[in-house]
There are 2 protein chains.
Amino acid sequence: MTSNLDPAIAARLKRSPDGLVPAIAQQYDTGEVLMLGWMDDEALHRTLTTGRCTYWSRSRQQYWVKGDTSGHVQHVKSVALDCDADTVLVKVDQVGAACHTGARTCFDGDVLPLGK
Amino acid sequence: MTSNLDPAIAARLKRSPDGLVPAIAQQYDTGEVLMLGWMDDEALHRTLTTGRCTYWSRSRQQYWVKGDTSGHVQHVKSVALDCDADTVLVKVDQVGAACHTGARTCFDGDVLPLGK
């Protein structure tokens, strides 16, 4: 896949065998972890340059600009790589619900029991 | 890999082709995203039952109880699956630095420039 990502960033990005990195979306002011999506180089480039969080949909095998169909846009505030350059943290301003279920975050509904 | 994970959880967990799910570690009170690691079923089981966040190290191909060598333990406060059951969010109380570089989080050092 041809990408317009800055070659200096592309050179140090460490991708999984399918060419993707996990991208954590976090609400910039409250700190809520909203969801985890996947980005290839071009999705990261678009996220950095358009102001809108853009993922690669593994199920649909296409780019996915968050909110294009739902209206639940993620306005990008900052983007950081982790120390191994194999994970992206995107701080966003989330419009409405991050989750397709209508929940604010994708982690609201399935808390697992702790202990034996 | 044999696992002691609750079969009801294992039945709905959606793993990547290498049998892992990404696990986001978040500081439970401040909301900081500390790091992203990987868990197989057994690492998730141990995280749920021991009170200590446990990952599968892809580079070393072994279980990794966070803090066992560094002392930078992650005490588990809660564990949740996302809406697709393919990502884990672990809220922890992080002792000291989460990052092997000594930084508080793995996302402190490499903020990418936004815009064209």
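Backbone N, Cα and C define each Cβ position, glycine as well.
Per TrEMBL, these features apply:
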- B:Asp82, B:Asp84, B:Asp86: Mg(2+) binding site (BINDING)
- B:Cys83, B:Cys99, B:Cys106: Zn(2+) binding site (BINDING)
- B:35-107: domain 'Phosphoribosyl-AMP cyclohydrolase' (DOMAIN)
Check: Just the number: how many Å between the Cα atoms of B:Cys106 (Zn(2+) binding site) and B:Asp82 (Mg(2+) binding site)?
Finding: 22
Check: Counting every protein chain present, what is the number of Cβ atoms, excluding its own, within 10 Å of the Cβ of B:Cys106 (Zn(2+) binding site)?
Finding: 26
Note to self: Let me spell it out: for each of the binding-site residues (B:Asp82, B:Asp84, B:Asp86), count the other Cβ atoms within 10 Å of that residue's Cβ, using every protein chain shown. Which one has the most?
What the structure shows: B:Asp82
Note to self: For the domain 'Phosphoribosyl-AMP cyclohydrolase' (B:35-107), what's the mean pLDDT in this predicted model?
What the structure shows: 97
Check: Taking DSSP states H, G and I as helix and E and B as strand, how many residues of the domain 'Phosphoribosyl-AMP cyclohydrolase' (B:35-107) are helix, strand and coil?
Finding: 10 helix, 29 strand, 34 coil
Note to self: What does the structure give for the C-alpha distance between B:Asp86 (Mg(2+) binding site) and B:Cys99 (Zn(2+) binding site)? Integer Å is fine.
What the structure shows: 24
Item checked: C-alpha spacing of B:Cys99 (Zn(2+) binding site) relative to B:Asp84 (Mg(2+) binding site), in angstrom -> 28
Next item on the list: Tell me the Cβ contacts of B:Cys99 (Zn(2+) binding site) under 8 Å, same chain only and six or more apart in sequence, or just say none.
Entry: B:Leu34, B:Met35, B:Thr105, B:Cys106, B:Asp108
